[in-house]
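Below: one structure, written as C-alpha cells.
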Amino acid sequence: MEKMSEATKEFNEDDSSSSGECSTLSENSDENKERGNWTRKMDFWLSLVGYAVGLGNIWRFPYLCYKSGGGAFLIPYTIFLFLCGVPLFFLEVSFGQFASLSPITIWRICPLFKGTGIGMAIVSGMCCLYYNVLIAWTIYFLFMSMRTVLPWSTCGNDWNTEHCFVKDKSIDKAFKYNQTVTNFTTSKYGLLQQSGVLMNSSSILKQNYTSPSEEFWEKHVLQITDGIENMGELRWQLFLCLLFSWILVFLCLCKGVKSSGKVVYITATFPYLVLLVLLVRGVTLPGAVNGLKWYLIPKWEKLATFQVWGDAAVQIFYSVGMAWGGLITLASYNKQAMIVPLMNCGTSVFAGLVIFSIIGFMAHETGVEIDDAIKQGPGLVFVAYPAALAKLPISPLWAVLFFLMLLSVGLDTQFGMFETMISAFIDEYPKYLRNRKMLLTAFVCFVEFLLGIPCIMEGGIYVLQIIDWYCAVFSLMLLSFTECVVIAWVYGADRFLSDIELMIGYKPSIWWKICWQFITPIVIIGIWLFSVIQLKPVSYGDYQYPGWAIAAGWLLGLASILPLPAYMIYAILTTDGNMLQRIRTLIKPSPLWGPAVERYRIKYEASRSSFGTSGEIYFPPTINFGDDNCHPDSELCALSISKTNHIS
C-alpha cells in the first residue's frame, strides 16, 4: 500500500503540474501528441456545456413542462437528474478522461462489450444526419428574417391559402363590437374583409383557419406533401442551406478539438446572452405573467400520473447526453474534468422562463388558452416562436437573434456528436487515419450530407420524424445500462474508483458506487420499460404512417443495438480456447487498457501491481486485438508485452 500511495502521489503531482500548464498549452505541447488535447481547460468546459445544451432545451423540455403540469414536471425531473443523470455523466466523463479514447476503442476495458461503443457511434451518426437538417431549417429562417417585414407575419404571400388568418387591431374591434364579418377572404394586406353576415368572435375561431406562420412553415419552407409515399421534389433552397450547414461543421471541426475548442467560445456563450435579452423583453409583454404562472406553479395532481415521471426520466437522457458517446469523446481530450449536468438543467429551467413568457404573450394575443398555444417538436420552434417574434417591436431584429441562438445551440451539439464518429474511426485505425483526419472529416461530412438529402425533399419531414421517433429512445437506455453494469460489476466499481483516484488525488464518495451498482441501473430499466409500454407507432400530426415505414423505423432503431450481440458473437468465435476460457478472456481488460499517455501509464501499472496479487491485474495472453495503437517501438507496447509475458 505504501508503494501504491507513492505511485499515486507521483502521478497526481505530474498531473497537477500538467494541469497548471493547461491554460498556456500550445498545440505543439500536447501530452497526448497522437490524439491531441484541449488547448485550454475552458475549451473543454464550454464544449461539454455546448454539447449538452441543445435544441432539446429550447423545444422538448418546455413542451414536456407544458404537457405535464408546469412546475410539477420539475420535481421528477430533478429527482431523476440526481439518481440517473449525474451518476452516468460522472461515469462517462471519468471513463473517457482516464483512457483518452473514443467510445469504441475505450472498450479495451471489457472487449466482450465493444459493440456498446459501436452502437454509440451509430446513434451519433444517425442523429448527426437529422440534426443538421434542423440546422438547415434554422439557417433558412435566419436568411428570411433579414427583411423589413417578416414573411410569416402576413397572409398576402404566394404560398398563403384562403384559410390564412391573422388577427390585428382591426379584427379586435370587429370582435369586440360584434360587427359584421363576411366570408373571411384574405386581402393582400392580410386583413379580413367585411360584408353583411353577422358572426361573433367565437364563430370565427371555429372556422378552419391557419396562422401565417403555420402556412409559411408547411406551404413555403417544407412544401409538405400528403405523406411519405409521395416524397415530391427537392427543395433547392433547403438543399443549399443543408450544404452550407455541413460546410460550417467541416470548417469548425477540420482540425478536431483544436478548432472546435475556439468556436465554442461563441457558440456556447451566445445563447445565454440571447436568452437573457429575450427574457427581459418577454416578461414585459402583455400576458407574460400568465405564462410564467403556468410554468412555475405546479399542478400537483399531475404527479399522480405515471406519464409525468416517465417523461421526466426520458428527458434526462436527451438533456445530459449520456450513451451518445459524445461525453466520452470530449472527455478523452481532457486532462481534468462536473457541474455540467447542473448547468444543463439550469439552462432548461432558464429557457423555460423565456419560452413561457412568450407563450403567455401568444395566448393573450390569439385569445386561446395556454394549453393550446404550443405544439411539440419542430412546430414549437418553427411555428409558435416565429408567430410570437412577428408581434414584437422591431420583429426582424428579434427574429435574427432568436435563430442565431438556435444555430449556436444546434452547432454545439452537432460538434459533439460528429467528433464522436470521427474519433471512433481514428482510434480504431490510427495507423491509416490519424494523419488524414481532415480528409476523413470531409468525407464523412459529404456522406452525411448525401444521406440527409431525402429529409429536405417536399416529403422530407416524414423521413425526419421516423429518425427522431425510433433512433434514440430505446438504444440510448440499453447502451447506458450496459455501460453502467459492465463498469460497476464486470470491471468493478472499486477498481474504477481507484482509477479515478489516480486522476483527481482522492477517492470519490461511496455514493457513486451505490448509484452505479444499484440505483442507476434499476432506474434505467424502469425508464426503458416505460418507453416500451408507452411507445406508439410513428405519426406526424393526423397523418398515420404505412406499415413499411414503421418497419423501417424499427430497423433504424435496432441498428445501434444489434452491434452489441453481434460483436459478442464475433469476439467469442475469434478468440482462442474453449467457450469458458474465451468468455473469461474477453471480460478482462486488454493489455492496453489504462491511461493513454505513456508516462502516466507506467505509474498506473506500478500502482496496480502494488495491490500485491497478480490476480487483480487482468492481462490476458491469448487474445490479439490487432493494431489497436500498439506499435513495436512504443514504450506502451513494450510495457504491455512484458506484462503479458510476466503473467503467462
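Just so it is clear, glycine is given a Cβ too, placed from its N, Cα and C backbone atoms.
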Candidate cysteine (Cys128, Cys155) that TrEMBL pairs with Cys164 in a disulfide: Cys155
Touch test for the transmembrane segment (342-363) and the transmembrane segment (74-95), at least 3 Cβ pairs under 8 Å: yes
Region pair the transmembrane segment (236-254) / the transmembrane segment (469-493), three or more CB pairs under 8 Å: no
Rounded to the nearest Å - Cα separation of Asp412 (Na(+) binding site) and Cys155 (disulfide bond): 35
Contacting positions for the transmembrane segment (514-535) when only residues 6+ beyond its ends and CB under 8 Å are counted: 80, 83-84, 87-88, 91, 306-307, 309-310, 313-314, 317, 473-474, 477-478, 480-481, 484-485, 487-489, 493, 496
All-chain count of other Cβ atoms within 10 Å of Cys164 (disulfide bond): 22
Two-stretch contact, the transmembrane segment (547-573) and the transmembrane segment (74-95), at least three Cβ pairs under 8 Å: no
Proximity of the transmembrane segment (469-493) to the transmembrane segment (397-418), 3+ C-beta pairs under 8 angstroms: no
Highest-contact recorded stretch vs the transmembrane segment (439-463), from 74-95, 116-143, 397-418, CB pairs under 8 Å: 116-143
